[in-house]
């Protein structure tokens with residue numbers, strides 16, 4: 001089967017965005033190393049309708065909802081927000097919105113509204129047509145072959161998420177397909193998929209060379225390029241916990257699954273560093289209200305989004 005250029009181009013663009021997006025976002029967030037607080041709000045409220053919704057909230061209502069959120073973050077009710085409490089709240093926020101996004105996608109993918117998403121429906125939503133690749137025969141065109149491989153990986157993940165072997169995915173199974181990192185029964189699949197991609201010698205581990213992929217050092221260069229030095233540092237200091245020079249399956253998991261815990265902890269420390277007026281390494285309600293704009297441009301409130309989501313400020317949470 002020949003694949004038209006539009007889907008291939010789309011996938012390659014998405015892949016490029018995934019590789020470069022984090023670095024670009026870092027540049028925008030910290031120009032010249034200085035934290036730009038309004039970037040956080042723009043990242044979420046850049047769409048005009050979201051900005052309009054934010055403006056509609058009066059000061060009194062903002063204060064009411066914000067204080068309700070502060071109360072919920074304070075899990076031990078001692079009147080202070082610690083690094084641990086902030087980090088746990090931010091991680092919960094990440095998961096909540098990932099689930100909400102998956103639920104919205106589920107409705108869009110379920111074309112016949114029967115409560116399940118079939119593989120054909122997934123293809124129609126993603127590519128406007130059903131795609132069926134030969135699982136054995138490689139394609140001559142490099143771009144088309146790359147897309148074939150990605151499509152077959154998606155199909156394997158789809159089939160693994162389908163626990164009951166029914167004709168399609170239920171909402172819970174669709175969430176497992178879209179966010180396998182959030183579902184326990186998908187963990188082994190995530191690890192195996194990563195090993196198949198990176199463990200070239202089949203020993204069940206990923207070495208530094210396998211981690212770096214196709215990189216080959218220029219023999220005329222005096223040292224490795226900067227990005228290789230960064231990747232080597234990540235391998236040694238972030239992932240290879242037992243310092244044996246290779247990643248075992250659990251260490252591999254920490255590489256291939258987004259580390260929301262680390263991101264949340266970093267944001268929690270940033271907030272305390274910026275807002276802790278008396279140096280006690282925790283935040284009081286007064287300190288937060290004194291720095292309300294900073295708190296509302298942070299991941300602790302998902303850049304102000306939580307003030308519009310009653311999941312976060314209603315008493316039932």
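Just so it is clear, glycine is given a Cβ too, placed from its N, Cα and C backbone atoms.
All TrEMBL annotations are machine predictions without curation.
The annotation signal peptide is assigned in TrEMBL to 1-25.
Note on the domain 'EF-hand' (61-96): DSSP counts are 27 helix, 2 strand, 7 coil. What TrEMBL records for 61-96 (among others) is domain 'EF-hand'.
Annotated domain 'EF-hand' per TrEMBL: 97-132 (among others), in sequence order.
Over the domain 'EF-hand' (186-221) the predicted model carries a mean pLDDT of 89. Among the features that TrEMBL reports, domain 'EF-hand' is placed at 186-221 (among others).
Each residue in the domain 'EF-hand' (233-262) gets a DSSP state, and the totals come to 18 helix, 2 strand, 10 coil. According to TrEMBL, the domain 'EF-hand' annotation covers 233-262 (among others).
In the domain 'EF-hand' (97-132), helix, strand and coil residues by DSSP number 22 helix, 1 strand, 13 coil. Only residues 6 or more beyond the boundaries of the domain 'EF-hand' (233-262), in the same chain, are considered here, and those with a CB under 8 A from a CB of the stretch are 87, 91, 94-95, 181, 187, 190-191, 194-195, 198, 204-208, 211.
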